[in-house]
Amino acid sequence: MRMIGRTLHRVMASSSGQTLPSSDSPALKFKVVAVQGRARSSRMTLPHFTAHTPMFMPVGTQGSVKGMTTQQLQELDCHVILGNTYHLENRPGSELVDAMGGLHELINWPRGMLTDSGGFQMVSLLHLAEITEQGVTFQSPVDGSAMLLTPEQSIAIQNRLGADIIMALDDVVPTTANDPARFEEATHRTTRWIDRCIAAHSRPGEQNLFAIVQGGLDTRLREISMQQLVARDLPGYAIGGLAGGESKDDFWRVVSQCTAGLPPGKPRYVMGIGYPLDIVVCSALGADMFDSVYPTRTARFGVALVPEGVLKLKNAAHARDFRPLDPSCDCMVCRTYSRAYLHNVVTRGIASAAVLVTYHNVAYTQALTRNMRRAIEEQRFPDWVRGYLGTMFPKGDVPGWVRDAMDAAGISLEGVVAPTHAPTSTPAATDKSAATEGGAAVVGGGAAPG
């Protein structure tokens, strides 16, 4: 074993003799329990819960996952949920949350929590923000008042909120921006800000500060960002700045570069990823953690996630379809309600429709990652991937970017990809669906709104 900074690194041996990495940080223990190719299954022990990865984390922007109770999230075996620092500080305020015992007590959630830094609002609320070396000044969309978010402020807010994992404030630039100088500036500013975040962090024994790799689509800048952030020896690392409109080909290549370059004994978190196909591809490339509003947001438009892709319940074809959403799903919705019933409540705008489809979509994401973990641990992950893609693309028309990513992951798609299928143009990697959801089939209608 060897000591680096504040983290104790160990190398564990697998039953096959392969060494498996792990690390101990003051508030996080991470252990890879199985690997196959670049994919890995791990255990991440947090102050409130031991999470299993790969895992998908539902987003509760203001401390609540829309349409679900915390009891339901436990029923579906969600290990970690997210809160948004910017919105939580606006309402109800971190001081009030702290006075109530922190986010866990406020929302009655006994498992893991992660709060983002508020940095994503640099992109989503750019028209309301001004970015300087000091930090980011936002105009509140609630009352128009100015709010300065510095690295120190972001960490102080997150310390009061009390999540198990807190994210460093980073300088986020949309990947579609055509401004090399701005990407260069943001990459180095992100490093300067991580040092300010580390200095401001008052609860390192109770909360884990993750750094966020930036650099846009520039491999040189991504490498610089990784080297500089890894030198700080933090409990975990995120891959940021993606899912903002870049091509799928660019998307997977950045993920591949970063998962290969980040420490094998630390968790790797690809931020803003919610399409099931993207989750599978990133897991095959060695990523561990994912989050997005996509599964819950698309549910509110009556769109269900199924193994074949997405199912639009507003489509009239479902009016007399008495099958469950997904015959292979054992969630409460699939056990109890038919597509015909759900079509009825969705098209009539009945409030329970969003609740039911949300429940199923969250169940789907948890089953997806649970099945991946099991396949990795049982050393049958390539077969599982081929089965997954075969169901989603029965004609063998697997998108070119997926084929290339699987080749990089060392997974053969022989028998899945049609021999005569030509490479296709790659759609944008964004949580606003284009012609197909993440490149997957749409069952019973057009694309889902994002």
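Please read every residue number as a count from 1 along the shown chain.
Cβ from N, Cα, C; glycine included.
Not measured: the values here are computed from a predicted model.
Positions annotated as active site, proton acceptor by TrEMBL: ASP116. Residues or ranges marked as active site, nucleophile by TrEMBL: ASP291. The substrate binding site feature in TrEMBL is assigned to ASP116, SER117, GLY118, GLY119, PHE120, ASP170, GLN214, GLY241. Per TrEMBL, Zn(2+) binding site is recorded for CYS329, CYS331, CYS334, HIS360. What TrEMBL records for 441-450 is compositional bias 'Gly residues'. TrEMBL lists 38-388 with the feature domain 'tRNA-guanine(15) transglycosylase-like'. Marked as region 'RNA binding' by TrEMBL: 272-278, 296-300. Residues or ranges marked as region 'Disordered' in TrEMBL: 422-450.
Apart from CYS329, CYS331, CYS334, HIS360, the Zn(2+) site neighbourhood in this chain, defined by C-beta within 8 angstroms of the site C-beta centre, holds PRO324, LEU325, ASP326, ASP330, MET332, VAL333, ARG335, TYR359, ALA363, TYR364. Across the fold, the C-alpha of SER117 (substrate binding site) and the C-alpha of CYS334 (Zn(2+) binding site) stand 36 Å from each other. Taking the C-alpha atom of GLY118 (substrate binding site) as reference, the shortest distance to any of the recorded positions ASP291, CYS329, CYS331, CYS334 belongs to ASP291.
The two recorded residues, CYS334 (Zn(2+) binding site) and the residue listed as 'active site, nucleophile', show a Cα separation of 24 Å. Residues of the region 'RNA binding' (272-278) grouped by DSSP class, helix first, strand second and coil last, total 3 helix, 0 strand, 4 coil. Every protein chain considered, the tally of other Cβ atoms within 10 Å of the Cβ of ASP116 (active site, proton acceptor) stands at 32. The helix, strand and coil residue counts that DSSP assigns across the region 'RNA binding' (296-300) are 4 helix, 0 strand, 1 coil. In sequence order, PHE56, MET57, PRO58, VAL59, LEU82, LEU114, TYR269, MET271, GLY272, ILE273, GLY274 make up the list of same-chain residues 6 or more apart from ASP291 (active site, nucleophile) whose Cβ falls under 8 Å from its Cβ. Calculated from their C-alpha atoms, the gap between GLN214 (substrate binding site) and ASP116 (active site, proton acceptor) amounts to 15 Å.
Over the domain 'tRNA-guanine(15) transglycosylase-like' (38-388), the average per-residue pLDDT in this prediction is 95. Neighbour counts were taken at the CB atom with a 10 A radius for the binding-site residues GLY119, GLY241; the maximum falls on GLY241.
Its own atom aside, the Cβ of CYS331 (Zn(2+) binding site) has 21 Cβ atoms within 10 angstroms in the protein chains shown. In sequence order, SER117, GLY119, ALA186, THR190, TRP193, ILE194, ALA211, ILE212, GLN214, GLY240 are the residues near ASP170 (substrate binding site), counting only same-chain partners six or more apart with C-beta under 8 A. Cβ-based crowding with a 10 Å cutoff singles out SER117 as the top-ranked of the binding-site residues SER117, GLY118, GLN214, CYS329, CYS334.
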